[in-house]
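Enquirer: To start, I am sharing the structure in question, which I have written as structure tokens.
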Amino acid sequence: MGDRSPFETDMLTLTRYVMEKGRQAKGTGELTQLLNSMLTAIKAISSAVRKAGLANLYGIAGSVNVTGDEVKKLDVLSNALVINMLQSSYSTCVLVSEENKEAIITSKEKRGKYVVCFDPLDGSSNIDCLASIGTIFAIYRKTSEDEPSEKDALQPGRNIVAAGYALYGSATLVALSTGQGVDLFMLDPALGEFVLVEKDVKIKKKGKIYSLNEGYAKYFDAATTEYVQKKKFPEDGSAPYGARYVGSMVADVHRTLVYGGIFLYPANQKSPKGKLRLLYECNPVAYIIEQAGGLATTGTQPVLDVKPEAIHQRVPLILGSPEDVQEYLTCVQKNQAGR
């Protein structure tokens, strides 16, 4: 028997990690407070997700949110948790949530300098069947001197200060970036703390998996149809790509980050502007994927370069391993040239 203890006595928790990053940046501590408040909300949502069946949190709350999705009871709870925790961090001025039609302006006595865009419970249509769901967020600095308003949230993803997502799967995981790579943390239920499990994650240059909803194949444009066909029937005689699609974006994006490959939710005849929302779905995951060395595009430009015009704006999203995304873009350019 060695003398190695099964207990780590100098573990890097996410709380400690956030404080260290703040100290290195010689910041005011506001971003540290904000991230720690976000983590508290994520822990609370994780607990609610685990207890959902017992606590009668499954099912529909009886309303439809601003983007047309039926609101689940867990959606309502998660949204309230995130809003309350962020506003009580004394570091936010504007909040944009998938569940709220208009931006939420923090009251003057609790106001700080950050804007947060978030989806409190992504993939909530999967709640009742116990598939993985998640929370997504992106943090920006307020850039104007005016009174806080919705306009403060209409910033391109290049302005993101920090972004991440939580995945409530077989364990609860947080992927976080403050602009210096992507780190992964796992929730240790015994400690009630997120612990660093992987530092500076890098996506593979090329993967072996493609992920999209092929039920919409009837509506695909020529470029998407051609690309998917190439993955199924490779012209060079190589093995076809595997197909994986959960239907919960956080789960599909995280698998793409870990295993490589490509995730596609392109524009189609049914959703000509795309389906996923730019501010609180596409920008945060595009930021994470780019920080890990991948690419994220709308098919015409990098996602992070899109200048938002509305807080619930939708855009196409294609992301993943750089060589796979580049191959998709080659199909797009070829089809545009052939018109």
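Each residue, glycine too, has its Cβ placed from N, Cα and C.
As annotated in Swiss-Prot:
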type	residues	note
REGION	3-10	region 'Important for interaction with ALDOA'
BINDING	V18, T28, G29, E30, L31, T32, K113, Y114, R141	AMP binding site
BINDING	D69, E98	Mg(2+) 1 binding site
BINDING	E98, D119, L121	Mg(2+) 2 binding site
BINDING	D119, D122, E281	Mg(2+) 3 binding site
BINDING	D122, N213, E214, G215, Y216, Y245, V246, G247, S248, M249, Y265, K275	substrate binding site
MOTIF	204-208	motif 'Nuclear localization signal'
MOD_RES	Y216	phosphotyrosine
MOD_RES	Y219	phosphotyrosine
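In the displayed structure, how are the listed features positioned relative to their neighbours?
Expert: The C-beta environment of V18 (AMP binding site), restricted to residues of the same chain at least 6 apart in sequence and closer than 8 Å, consists of T32, L35, N36, L39.
All chains included, 25 other C-beta atoms sit within 10 angstroms of the C-beta of E98 (Mg(2+) 1 binding site).
Following the DSSP three-state reduction, the secondary structure of D119 (Mg(2+) 2 binding site) is strand.
Within the same chain, the residues at least 6 positions away from D119 (Mg(2+) 2 binding site) whose Cβ sits under 8 Å from its Cβ are S97, E98, T135, I136, F137, R277, Y280, E281, listed in sequence order.
Counting every protein chain shown, the number of other Cβ atoms lying within 10 Å of the Cβ of D122 (Mg(2+) 3 binding site) is 31.
Taking DSSP states H, G and I as helix and E and B as strand, the motif 'Nuclear localization signal' (204-208) has 0 helix, 0 strand, 5 coil.
The Cβ neighbour count for Y216 (substrate binding site), using a 10 Å radius and every protein chain shown, is 16.
In sequence order, N268, Q269, K270, S271 constitute the residues six or more apart from Y219 (phosphotyrosine) in its chain with CB-CB distances below 8 Å.
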Enquirer: Considering Cα atoms only, can you say which of L121, E214, V246, Y265 is the nearest neighbour of L31 (AMP binding site) among these binding-site residues?
Expert: L121
Enquirer: So which residues does the motif 'Nuclear localization signal' (204-208) touch in its own chain, when a touch means Cβ under 8 Å and the partner is 6 or more beyond its ends?
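Expert: Those are 239, 241-242, 256, 259-262, 293, 320-324, in sequence order.
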Enquirer: Counting only residues 6+ away in sequence within the same chain, which have a CB under 8 Å from the CB of S248 (substrate binding site)?
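Expert: S248 (substrate binding site) has long-range Cβ partners D122, G123, N126, A131, S132, I133, G134.
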Enquirer: Going by C-alpha distance, which of the binding-site residues G29, K113, L121, R141 is nearest to V246 (substrate binding site)?
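Expert: Nearest candidate: L121.
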Enquirer: Radius 10 Å, atoms counted are CB only; among the binding-site residues L31, L121, V246, which position scores highest?
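Expert: Buried the deepest by this measure is L121.
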